[in-house]
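**Student:** Marked as N-acetylalanine by Swiss-Prot on the basis of similarity to another entry: A2. The domain 'Galectin' annotation in Swiss-Prot covers 4-135 and rests on sequence analysis. The N6-acetyllysine annotation in Swiss-Prot covers K13, K29, K108, K128. Among the features that Swiss-Prot reports, phosphoserine is placed at S30. According to Swiss-Prot, the beta-D-galactoside binding site annotation covers H45, F46, N47, P48, R49, H53, N62, W69, G70, A71, E72. Taken from Swiss-Prot, the feature N6-succinyllysine covers K108.
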Amino acid sequence: MACGLVASNLNLKPGECLRVRGEVAPDAKSFLLNLGKDDNNLCLHFNPRFNAHGDINTIVCNSKDGGAWGAEQREVAFPFQPGSVVEVCISFNQADLTVKLPDGHEFKFPNRLNLEAINYMSAGGDFKIKCVAFD
């Protein structure tokens, strides 16, 4: 899946929140947000799948360490609708990342890379970024 946005040197620290708002395509199959050190070292691969890779209305999360993917974690909460504008907030600490979905539901994903700062973000798929903010 090609990335539509790549940002580096973010220097997001523990406790800070990355807020991403964008528009889901009307015919969306899936989209992704990646956070980490770089493309080969991701503490979070966030991949809502409407109908892709055998998953329907499922959020698939993973990490990548030195280019090797970890074990996938699936979330059943799926507040995304094709054609809608959504906002996702992600914060982290030494132990895990907290993802707050558009409906207010939150889940945690382990900080498997033990990153002390998030410097890289990429986004892609059927999602058009409207705003990125740091809180």
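Note that Cβ sites are derived from N, Cα and C of the backbone, with glycine treated the same way.
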**Student:** Could you give me the DSSP helix, strand and coil counts for the domain 'Galectin' (4-135)?
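**Tutor:** Looking at the domain 'Galectin' (4-135) with DSSP, the answer is 0 helix, 88 strand, 44 coil.
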**Student:** Show me the subset of K13, S30, K108 whose Cα is within 10 Å of G70 (beta-D-galactoside binding site); these are the modified residues I mean.
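**Tutor:** The modified residues close to G70 (beta-D-galactoside binding site) (Cα within 10 Å) - there are none.
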**Student:** Does anything in the same chain, at least 6 positions from R49 (beta-D-galactoside binding site), have a Cβ under 8 Å from its Cβ, and if so what?
**Tutor:** K29, S30, D55, I56, N57, T58, I59, V60
**Student:** Going by C-alpha positions, which of the recorded positions (K13, H45, N47, N62, E72) is nearest K128 (N6-acetyllysine)?
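**Tutor:** Spatially nearest to K128 (N6-acetyllysine) by Cα position is N47.
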**Student:** Compare the C-alpha of K13 (N6-acetyllysine) with the C-alpha of each of the recorded positions N47, N62, K108, and give the closest one.
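**Tutor:** Closest by Cα: K108.
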**Student:** Name the residues of the same chain, 6+ apart in sequence, whose Cβ is under 8 Å from the Cβ of K108 (N6-acetyllysine)?
**Tutor:** D96, L97, T98, V99
**Student:** Counting Cβ atoms within 10 Å of each candidate's own Cβ, which of the recorded positions K13, K29, H45, K128 comes out highest?
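**Tutor:** Going through K13, K29, H45, K128 one by one, the largest Cβ count within 10 Å is at H45.
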**Student:** Under 8 Å Cβ-Cβ from N47 (beta-D-galactoside binding site), six or more apart in the same chain: what's there?
**Tutor:** S30, F31, L32, I59, V60, C61, N62, G125
